[in-house]
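Feature list (source: TrEMBL):
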type	residues	note
REPEAT	97-131	repeat 'WD'
REPEAT	185-225	repeat 'WD'
REPEAT	387-428	repeat 'WD'
REPEAT	433-469	repeat 'WD'
REPEAT	486-527	repeat 'WD'
REPEAT	528-569	repeat 'WD'
REPEAT	570-611	repeat 'WD'
REPEAT	612-653	repeat 'WD'
DOMAIN	665-799	domain 'U3 small nucleolar RNA-associated protein 13 C-terminal'
């Protein structure tokens with residue numbers, strides 16, 4: 001018998017953690033520090049989990065730049081504030097106002113970590129003594145924005161600051177000569193982007209003029225100008241040539257020969273000799289190589305996939321660089337091979353699927369987000385592989401029944417098939433299907449074989465493509481042929497689904513209808529009408545002859561695929577239903593809405609079993625793993641979330657709690673029999689049993705010196721227990737039969753706790769407000785009873801007086 005689901009809990013999540021700008025890797029290579037709006041996120045490189053967030057999430061003070069030295073970071077904000085943190089514990093050590101007249105663009109520490117240089121858009125460089133907390137120098141001379149800054153100690157042990165500006169000039173400031181004009185190095189024709197020191201007297205600079213210049217700081221002249229034929233944004237010079245041994249270079253070089261790596265808009269890392277000006281090595285990994293295409297992204301972004309900043313970490317022997325699409329990339333020094341990709345921001349995530357490994361369990365998730373690249377995330381590390389080929393936003397995707405193929409569809413009107421290549425250990429594009437004249441929004445594989453796929457488009461048609469002759473190891477993508485094309489709807493097709501016997505397929509459209517089609521004769525079998533707004537998703541039941549449709553009218557409808565009648569309508573969503581998935585052999589459905597909610601439905605009763613507040617935006621994609629133990633969702637809040645079926649865990653927890661409660665209740669009963677009321681009282685409070693607690697209190701008060709014993713017991717209770725007892729007393733106080741015990745408890749609490757302590761209790765103020773009206777009513781009742789008792793006493797005394805004043809006995813009165 002299939003066990004129905006009752007709940008899903010979050011297991012892991014990939015959320016945005018980097019919005020561009022500065023980033024650093026800790027000295028031991030374990031942590032990545034990167035900017036996220038107004039925060040600095042500390043990321044565990046191994047798991048890509050956010051360890052801590054530094055700063056305050058305030059949109060008015062976004063991070064402009066920051067610098068790292070050991071455990072310290074100094075963060076410059078756009079509101080002209082500077083803050084110093086210990087990033088290992090997240091503590092703010094100091095805050096001060098920047099004296100720059102505009103935003104800080106770049107900043108760096110000196111090698112000892114005592115001085116900080118900040119270069120600003122106000123054309124100046126400021127020097128700060130971080131150790132003694134004061135501002136030391138204001139370096140002028142530039143007539144443009146400072147884009148790079150660097151500390152340099154000359155052979156005379158005098159500290160200099162080198163800065164590069166956007167007008168192409170490099171300035172050398174001597175910090176030991178007050179008011180001296182800087183030395184100007186001219187050679188670049190465009191903005192200086194990076195400065196590195198190779199030795200005590202050799203400086204290497206790069207610029208957007210597509211050249212790298214090697215400078216001699218002793219003679220203050222250029223040694224060589226190297227045309228690198230690309231815009232270079234970052235330079236890296238390794239601390240020792242020993243790090244180059246894994247590259248097995250054929251070139252022989254001396255120990256003092258300036259060698260450096262360039263990171264530019266070609267998307268390839270290159271090694272250059274500063275002596276000969278020759279390129280010694282070009283990265284073989286072409287993952288980020290810039291390829292000219294007709295992509296709308298290459299038109300919108302001038303430097304597509306350009307590397308911006310770069311660092312070498314000695315502990316991990318890896319290069320770390322970032323790109324314009326908020327991705328941080330790690331290259332191993334050996335062959336400059338891509339090791340890790342940190343996707344900092346996904347944007348709107350439109351579709352997602354699980355990808356199984358060899359043991360038929362999910363190992364990866366395939367994601368289509370708001371760009372032209374398909375992303376495959378490892379579920380353990382969230383490391384990412386990018387599939388490039390589409391030239392516009394990828395809208396939808398699907399996985400073949402054997403998980404060997406991935407199909408993607410895009411706004412470029414093309415469908416692509418991807419297969420796993422064992423030699424490359426990655427997926428490659430095996431085939432393309434072109435023929436649609438509008439955005440392809442939906443794609444679906446056959447269920448029993450890899451014989452065909454179905455695509456639905458904005459051009460209102462559905463196409464069936466043959467995969468019979470697909471060659472998986474082809475060097476070039478094959479062109480798929482269309483078996484047939486159907487004019488399916490009057491508006492765009494939003495969803496397609498194939499039946500589990502591959503005999504039918506269904507389409508859902510913005511024209512408010514779903515249609516069922518026969519594969520054999522390509523004929524329309526039924527038009528399913530009833531929704532008031534467009535249909536977002538159609539899904540076949542895995543066990544029953546049923547089709548489910550989800551619509552923007554907030555309804556889910558179940559249709560028979562035999563007579564095509566509507567079997568039931570499920571209501572409950574207050575917003576558009578975007579995705580539905582069958583679970584538990586067709587007895588349940590889970591749905592996602594544009595309000596960020598997931599709802600689990602029992603189809604027998606049409607009731608909602610569980611509602612989960614899953615995302616902060618529209619949940620565009622959702623699918624279950626093969627064994628339905630996991631669920632993955634993606635949304636417009638830039639997150640991909642993995643959910644775990646916790647039904648059995650929840651049931652086990654409930655069983656354990658019931659057993660625990662039964663044991664505790666038995667213990668309370670035993671304590672009451674043995675008249676151990678004080679221990680019983682504490683357990684009753686833990687069980688949250690008001691009536692049992694009341695009975696125990698009455699028993700205590702009936703004992704000899706019960707009031708004193710009860711107060712002694714309360715003195716040993718924690719504030720949580722006292723708060724719970726006060727809450728109970730308020731309820732008891734509303735009943736005249738229990739008001740005495742309630743007032744006794746309140747009196748004791750007032751003597752144990754001060755008024756301030758009572759008001760600080762979670763329910764303190766509320767309880768006091770609720771206590772007053774009934775207490776005043778009880779007071780009035782007691783006063784009335786007191787008056788009645790006095791009147792009764794007066795009557796008795798009066799009757800006694802009459803008896804004493806009458807001399808006749810009772811017998812005489814009877815005779816009379």
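Glycine is treated like the rest: Cβ placed from N, Cα and C.
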Can you tell me how the residues of the repeat 'WD' (528-569) break down into helix, strand and coil by DSSP?
0 helix, 23 strand, 19 coil
Please give the sequence-distant neighbours of the repeat 'WD' (528-569): residues at least 6 beyond its ends with Cβ less than 8 Å from one of its Cβ atoms.
491, 494-500, 504, 506-516, 575-582, 585-587, 589, 591, 593, 601, 603, 606
Mean of the pLDDT scores, which run from 0 to 100, over the repeat 'WD' (185-225):
93
Could you break down the residues of the repeat 'WD' (97-131) into DSSP helix, strand and coil, giving a count for each?
0 helix, 18 strand, 17 coil
